[in-house]
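A.B. asks: One structure coming up, written as structure tokens, with questions to follow.
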């Protein structure tokens, strides 16, 4: 690889990753709302059209019926959850890299970067699961016509009152199935594209803003190419009525495949891919900007 990195600071990764997560949510939440509504819409009755025919139809109907606020519905949950989640995510990646280095100047291979990314996926599941559970419930309730929860805190409170801590953490296993391999792909792809973009004799840290944006966007696409099938299972499982899937995601899979085919595992694909590039481009740019600021302001942190 072209760059000889500075000693890795997991703490700086933690702080810069939190800022990157905020950037991701602001850019990507509208299409995340569309994705969840497409993934959780019920099968259409014979002879009747589906509630949403696709990504743009869902976007248009949501905007028309609920305004711009409808597209940002449930955003408080990911802002509250995503900021620490991405902080922990980038911390886990930094720690994973540091654990594999014998010396600060060691340059990691791509399989080692993938392994470091997988560690970050394990770290983030504890934060990601309740945030995703609340977000999905808030996103689908408007399209169902039922208003059970008035907001993020109300949803968390009612889930805890009805089902305890297990109700808030419903979907932990399938979230792990999604995030561990997807996070490995995410960070490995970002480092790979950055190295491709780095001219001979230059350092990766000197990449221009457009190249950082493209590298982050491509990393987001590769991440979601791995994550979409378990994400569909997660969305269905987390928004299902209590007791509908007693055996977890396996019951969701048994219902989806016979009824809707293998393609049902890629519901919301267009919305995910349209969102993946700009949202993750913003995330990595935010991370890099914050990291440069921290390196300047606190070089010894």
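Backbone N, Cα and C atoms are what each Cβ position is placed from, and that goes for glycine too.
Quick paste of what Swiss-Prot says about this protein:
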TOPO_DOM  2-12  topological domain 'Cytoplasmic'
REPEAT    8-99  repeat 'Solcar 1'
TRANSMEM  13-31  transmembrane segment
TOPO_DOM  32-73  topological domain 'Mitochondrial matrix'
TRANSMEM  74-93  transmembrane segment
TOPO_DOM  94-112  topological domain 'Cytoplasmic'
TRANSMEM  113-131  transmembrane segment
TOPO_DOM  132-170  topological domain 'Mitochondrial matrix'
MOD_RES   148  N6-acetyllysine
MOD_RES   157  N6-acetyllysine
MOD_RES   170  N6-acetyllysine
MOD_RES   170  N6-succinyllysine
TRANSMEM  171-190  transmembrane segment
TOPO_DOM  191-211  topological domain 'Cytoplasmic'
TRANSMEM  212-230  transmembrane segment
TOPO_DOM  231-267  topological domain 'Mitochondrial matrix'
TRANSMEM  268-287  transmembrane segment
TOPO_DOM  288-301  topological domain 'Cytoplasmic'
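Describe the structural context of these features.
C.D. replies: Each residue in the repeat 'Solcar 1' (8-99) has a pLDDT score, and their mean in this model is 86.
If one looks beyond the transmembrane segment (13-31) by at least 6 residues along the same chain, the residues whose Cβ comes under 8 Å of a Cβ in the stretch are 55, 59, 71-72, 74-75, 78-79, 82-91, 93-95, 271-272, 274-276, 278-291, 294.
If you look at the topological domain 'Mitochondrial matrix' (32-73), the same-chain residues 6 or more away from its ends with a CB under 8 A from one of its CBs are 135-136, 138-140, 142-143, 231-232, 235-236, 239, 259-260, 267-268, 270-272, 274-275.
The secondary structure of residue 148 (N6-acetyllysine), as reduced to three states from DSSP, is coil rather than helix or strand. Neighbour list (residue 148 (N6-acetyllysine), Cβ cut-off 8 Å, at least 6 residues apart, same chain): 137, 141, 158.
Cβ-based neighbour count (10 Å, all protein chains) for residue 157 (N6-acetyllysine) stands at 14.
Every protein chain shown contributes to the tally, and the Cβ of residue 170 (N6-acetyllysine) ends up with 23 other Cβ atoms within 10 Å.
In three-state terms derived from DSSP, residue 170 (N6-acetyllysine) belongs to neither a helical nor a strand segment and is classed as coil.
Tertiary proximity for the transmembrane segment (212-230) is limited to same-chain residues at least six positions away from its ends with a CB under 8 Å from its CB atoms, namely 174, 177-179, 181-183, 185-187, 189-190, 193-194, 197, 249, 265-266, 268-269, 272-273, 276-285, 288.
Long-range neighbours of the topological domain 'Mitochondrial matrix' (231-267) within the same chain, counting only residues 6 or more positions beyond its ends whose Cβ lies under 8 Å from a Cβ of the stretch, are 36, 38-40, 43, 132-133, 136-137, 140, 162-163, 170-171, 173-175, 177-178, 224.
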A.B. asks: So if I exclude everything within five residues of the ends of the transmembrane segment (74-93), which remaining residues of that chain have a CB under 8 angstroms from its CBs? That is, six or more out.
C.D. replies: 10-11, 13-18, 20-22, 24-25, 29, 32-33, 116-117, 119-124, 127-128, 130-132, 134-139, 151-152, 155, 183, 187, 283, 287
A.B. asks: Within the same chain, where does the topological domain 'Mitochondrial matrix' (132-170) have neighbours whose Cβ lies under 8 angstroms from its own Cβ atoms, ignoring anything closer than 6 residues to its ends? I mean 6 or more beyond.
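C.D. replies: Long-range Cβ neighbours of the topological domain 'Mitochondrial matrix' (132-170): 32-33, 36-37, 40-41, 51, 62, 66, 70, 73-74, 76-78, 80-81, 234-235, 237-239, 242.
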A.B. asks: In the same chain, which residue numbers or ranges, 6 or more beyond the ends of the transmembrane segment (113-131), come under 8 angstroms Cβ to Cβ?
C.D. replies: 77-78, 80-82, 84-86, 88-97, 99-100, 156, 168-172, 175-176, 179-188, 191-192
A.B. asks: Against which stretches of its own chain does the transmembrane segment (171-190) lie, if we need a Cβ under 8 Å and a gap of at least six residues from its ends?
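C.D. replies: Residues 89, 93, 110, 113-118, 120-122, 124-125, 128-129, 132-133, 215-216, 218-220, 222-227, 230-231, 233-234, 237-238, 248-249, 280, 284.
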A.B. asks: List the Cα distance (Å, whole number) between residue 157 (N6-acetyllysine) and residue 170 (N6-acetyllysine).
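C.D. replies: Per the Cα atoms, residue 157 (N6-acetyllysine) and residue 170 (N6-acetyllysine) stand 15 Å apart.
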